[in-house]
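Participant: Below: one structure in structure tokens.
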Amino acid sequence: MTNIRKTHPLLKIINSSFVDLPAPSSLSSWWNFGSLLGVCLAVQILTGLFLAMHYTSDTATAFNSVTHICRDVNYGWLLRYLHANGASMFFICLYLHVGRGLYYGSYTYSETWNIGILLLFAVMATAFMGYVLPWGQMSFWGATVITNLLSAIPYIGTDLVQWIWGGFSVDKATLTRFFAFHFLLPFIVTALVMVHLLFLHETGSNNPTGIPSDPDMIPFHPYYTIKDILGFLVMLTALATLVLFSPDLLGDPDNYIPANPLNTPPHIKPEWYFLFAYAILRSIPNKLGGVLALVMSILILAIVPILHMSKQRSMMFRPLSQCLFWLLVAVLFTLTWIGGQPVEHPYIIIGQTASVLYFLIILFLMPMISLVENYLLKW
């Protein structure tokens, strides 16, 4: 008798995706982040759902409702901090996942890669809107500054900003719609994740060597299910440690001050996971130029497959490209640091140098080094 997981209409889809899926035998821990992102998404949706039961999206009561959740709701403090720090974990896993894709050449699966970029934008939009909801000082001013960037779009900019605000400033209408979209977007992200997996399973997984692994495949279960569960335990332990010992480590103290349109905080900055893009935005003295650079800092991932000049897929056997890759990582850390600093000397010039280096490495140096490596290997 055939096993039910192979015949049942629903179970056979799950079976072909998570049980009998042929996977390369050489996958390292860098391949854990996809499943970790799935866990992060589940944690965020669950904690977010319970938070939404107690939250009110009104400018008069939003801040107090978050205080009420932390003080009066059973384990409300835990829900709130799991949700806030869960977002940080989400982005740590996201950036490592994208970095893995860049290092090992996973971007050659163009459909999977493009859906991934779309997912990155969707998660960033969700996180931005979520940061506005507690209605603290940084929530209000962050929303004002970032939405105002759209006014740099020629001709329609000002109308577009007022349309998003639902008035002439960030106010009640803005908060209400941000809450609606913040609730809706994670479910759109979940649907996109399914499409992402659908495209991935059309081609099968890449592996660290970048060499086709068709002759050497192993079943996903039990080998990689066990490996993924270990990853879950490590990540959830890290998240629990952060939440229970220093829940405000990654937050901004200004967000414990209720939003006040008449008082601007000394340094307006987004959460740490947007600081690299914020630094690129600030490094250009022109508003429209800054907005374009900001968008391109993420959108540049879409042209990475076109810029792939190497005859090899992965960087595993390309030491020169590896050096450039880690230089890029160092540049991103520098940008993240600069994004959190005030706009003054020497931070301005460091930010501008790092921004130029970021685009220079991806657009010119990596393709050039790939061609040099091809030449050295007589390919």
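Each residue's number is its place along the chain shown, starting with 1.
Every residue gets a Cβ built from N, Cα and C, even glycine.
So Swiss-Prot lists the following for this protein:
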type: TRANSMEM; residues: 33-53; note: transmembrane segment
type: TRANSMEM; residues: 77-98; note: transmembrane segment
type: BINDING; residues: HIS83, HIS182; note: heme b b562 binding site
type: BINDING; residues: HIS97, HIS196; note: heme b b566 binding site
type: TRANSMEM; residues: 113-133; note: transmembrane segment
type: TRANSMEM; residues: 178-198; note: transmembrane segment
type: BINDING; residues: HIS201; note: ubiquinone binding site
type: TRANSMEM; residues: 226-246; note: transmembrane segment
type: TRANSMEM; residues: 288-308; note: transmembrane segment
type: TRANSMEM; residues: 320-340; note: transmembrane segment
type: TRANSMEM; residues: 347-367; note: transmembrane segment
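Distances, neighbours, how buried they are, the whole picture for these features please.
Facilitator: Long-range neighbours of the transmembrane segment (33-53) within the same chain, counting only residues 6 or more positions beyond its ends whose Cβ lies under 8 Å from a Cβ of the stretch, are 69, 79-80, 82-83, 86-87, 89-90, 93-94, 96-97, 100, 182-183, 186-187, 189-190, 193, 228, 231-232, 235-236, 239.
All protein chains considered, the CB of HIS182 (heme b b562 binding site) has 21 other CB atoms within 10 Å.
Shown in sequence order, THR112, ILE115, GLY116, LEU119 are the residues of the chain, 6+ apart in sequence, with a C-beta less than 8 angstroms from the C-beta of HIS196 (heme b b566 binding site).
Cβ atoms under 8 Å from those of the transmembrane segment (113-133) belong to residues 55, 57, 62, 66, 87, 90-91, 94, 98, 101, 106-107, 139-140, 142-143, 146, 174-175, 178-179, 181-182, 185-186, 188-189, 192-193, 195-196, 199, 270-271, 273-274, 298-299, 301-302, 304-305 of the same chain, restricted to positions at least 6 beyond its ends.
Within the chain, the transmembrane segment (178-198) has long-range Cβ neighbours (under 8 A, six or more residues past its boundaries) at 17, 37-38, 41, 44-45, 48, 52, 55, 57, 112, 115-116, 118-119, 122-123, 125-126, 129-130, 132-133, 143.
Every protein chain considered, the tally of other Cβ atoms within 10 Å of the Cβ of HIS201 (ubiquinone binding site) stands at 14.
For the transmembrane segment (226-246), the list of distant contacts is 27, 29, 32-33, 35-36, 39-40, 43, 78, 81-82, 85-86, 88-89, 93: same-chain residues at least six beyond its ends, Cβ to Cβ under 8 Å.
Counting only same-chain residues 6+ beyond the ends of the transmembrane segment (347-367), those with a CB under 8 A from a CB of the stretch are 279-280, 282-284, 293, 296-297, 300, 304, 307-309, 321, 324-325, 327-328, 331-332, 334-335, 338-339, 341.
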Participant: Looking at the binding-site residues HIS83, HIS97, HIS182, which has the shortest Cα distance to HIS201 (ubiquinone binding site)?
Facilitator: HIS97
Participant: Can you tell me the CA-to-CA distance separating HIS182 (heme b b562 binding site) and HIS97 (heme b b566 binding site), as a whole number of Å?
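Facilitator: So the Cα of HIS97 (heme b b566 binding site) lies 23 Å away from that of HIS182 (heme b b562 binding site).
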Participant: Whole-number Å distance between the CA of HIS83 (heme b b562 binding site) and the CA of HIS97 (heme b b566 binding site)?
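Facilitator: HIS97 (heme b b566 binding site) has its Cα 20 Å from the Cα of HIS83 (heme b b562 binding site).
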Participant: What is the number of other Cβ atoms found within 10 Å of the Cβ of HIS83 (heme b b562 binding site)?
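Facilitator: A 10 Å sphere around the Cβ of HIS83 (heme b b562 binding site) contains 21 other Cβ atoms.
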